[in-house]
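Chemist: Have a look at this one.
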Amino acid sequence: MLNIEPIPAFNDNYIWLVTRPGESGAFVVDPGDAAVVEAALAARQLQLAGILITHHHFDHVGGVLQLRETHDPVVYGPFNPAIEGVDVRVAAGDQVEVLGAAFEVMEVPGHTLDHIAYFARSDDSAQDSPVLFCGDTLFAAGCGRLFEGTPAMMHASLQALVALPADTRVYCAHEYTLANLAFAEAVEPENAELAERLRQARATREQGEPTVPSTLSLELDTNPFVRCQQPAVLDSLRSQGKLQGTDAEAVFAAVRGWKDNF
Ligand SMILES: [Zn+2]
């Protein structure tokens, strides 16, 4: 069984800290800031065994070289030479072992061209649900901005992610949930699950707690970026005059464009 907890960084990033109960080895995912990782390791008396990187943005890789100076982690990351300090470059279909758990690498371009995600199937012995580290691709109730990829790329990436088991826990890299839900509600004002999610997320944030991880089933019920064929989403885009076509990619592009100006 893996323990996964957030290390908050910068304004709204989460660096995920992965451990096993009773063991001292730890992995971190997307350590943009070394100082907060060092503090978390020291507080828990952990040794940094490895690092997973999802994409090249500074708020995800900024701490890697510094962490390598004081620890001896194995660093996994995408085939992007711009990312320094990577020991093992990985691509679709590769497996990465994280504290004894096997994670599959998926290529999920869209936010950036080099973006990858790490997925672990459930550990039957411990009845764990599957785990997905998806960086800035799929967010709770949202998705990453298209800095490098096309809408078609991001749409395909999101579809590949939501095709994973519905009970998969989604560990994204930012706390953007309330803003994403405000937009989602504008797209689907009649969605009761969405209204309930917004109510719960507000209460969670008022307590100062993270709203992530989410689950893929919750995303499928409430995230407009993976609901492009829902009649309510199509109607909403049509009434806003934003619908250029009804194929899934065109609908996704329209939703993404609306959010960019929301
Ligand atoms: Zn990013």
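We number each residue from 1, going along the chain as drawn.
From the backbone N, Cα and C atoms, a Cβ is placed for every residue, glycine too.
This is the feature table in TrEMBL:
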{"type": "DOMAIN", "residues": "12-174", "note": "domain 'Metallo-beta-lactamase'"}
{"type": "BINDING", "residues": "H55, H57, H111, D136", "note": "Zn(2+) 1 binding site"}
{"type": "BINDING", "residues": "D59, H60, D136, H174", "note": "Zn(2+) 2 binding site"}
Chemist: So if I draw a 10 Å sphere around the Cβ of D136 (Zn(2+) 1 binding site), how many other Cβ atoms end up inside it?
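Modeler: The answer is 25 other Cβ atoms.
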Chemist: Going by DSSP, is H174 (Zn(2+) 2 binding site) part of a helix, a strand, or coil?
Modeler: strand
Chemist: Compute the average pLDDT of the predicted model within the domain 'Metallo-beta-lactamase' (12-174).
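Modeler: Summing pLDDT over the domain 'Metallo-beta-lactamase' (12-174) and dividing by its length gives 96.
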Chemist: Compile a sequence-ordered list of residues in the same chain as H111 (Zn(2+) 1 binding site), six or more apart from it, whose Cβ lies below 8 A from its Cβ; state 'none' when nothing qualifies.
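Modeler: In sequence order, the residues whose Cβ lies under 8 Å from that of H111 (Zn(2+) 1 binding site) (at least 6 apart) are H55, G135, D136, T137, C143, G144, R145, L146, F147, E148, G149, M154.
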Chemist: List the residues of the same chain that sit at least 6 positions away from D59 (Zn(2+) 2 binding site) in sequence and have their Cβ under 8 Å from its Cβ, in sequence order, or write 'none'.
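Modeler: The answer is A9, F10, N13, D30, G32, D33.
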Chemist: Quick check for the class: what is the C-alpha distance, in angstrom and rounded, between H174 (Zn(2+) 2 binding site) and H57 (Zn(2+) 1 binding site)?
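Modeler: So the alpha carbons of H174 (Zn(2+) 2 binding site) and H57 (Zn(2+) 1 binding site) sit roughly 13 Å from each other.
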Chemist: Hey, which of the binding-site residues H60, H174 is the loneliest by Cβ count within 10 Å?
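Modeler: Relative to the other binding-site residues in H60, H174, H174 has the fewest Cβ atoms within 10 Å.
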Chemist: List every residue in the same chain as H57 (Zn(2+) 1 binding site), at least 6 positions away in sequence, whose Cβ is under 8 Å from its Cβ.
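Modeler: The list for H57 (Zn(2+) 1 binding site) reads G32, T112, D136, given in order along the sequence.
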Chemist: Could you tally the C-beta atoms, other than its own, that fall within 10 angstroms of the C-beta of H55 (Zn(2+) 1 binding site)?
Modeler: 27
Chemist: Around the recorded Zn(2+) 1 site, report the further residues of that chain (criterion: Cβ within 8 Å of the mean position of the Cβ atoms of H55, H57, H111, D136; site residues excluded), sequence-ordered.
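Modeler: Once H55, H57, H111, D136 are set aside, the remaining close residues are T54, H56, H60, T112, H115, G135, T137, G144, F147, A173.
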Chemist: Which are the residues of the chain, D59, H60, D136, H174 excluded, whose CB is within 8 A of where the CB atoms of the Zn(2+) 2 site average out, their centroid?
Modeler: N13, D30, G32, T54, H55, H57, G135, A173
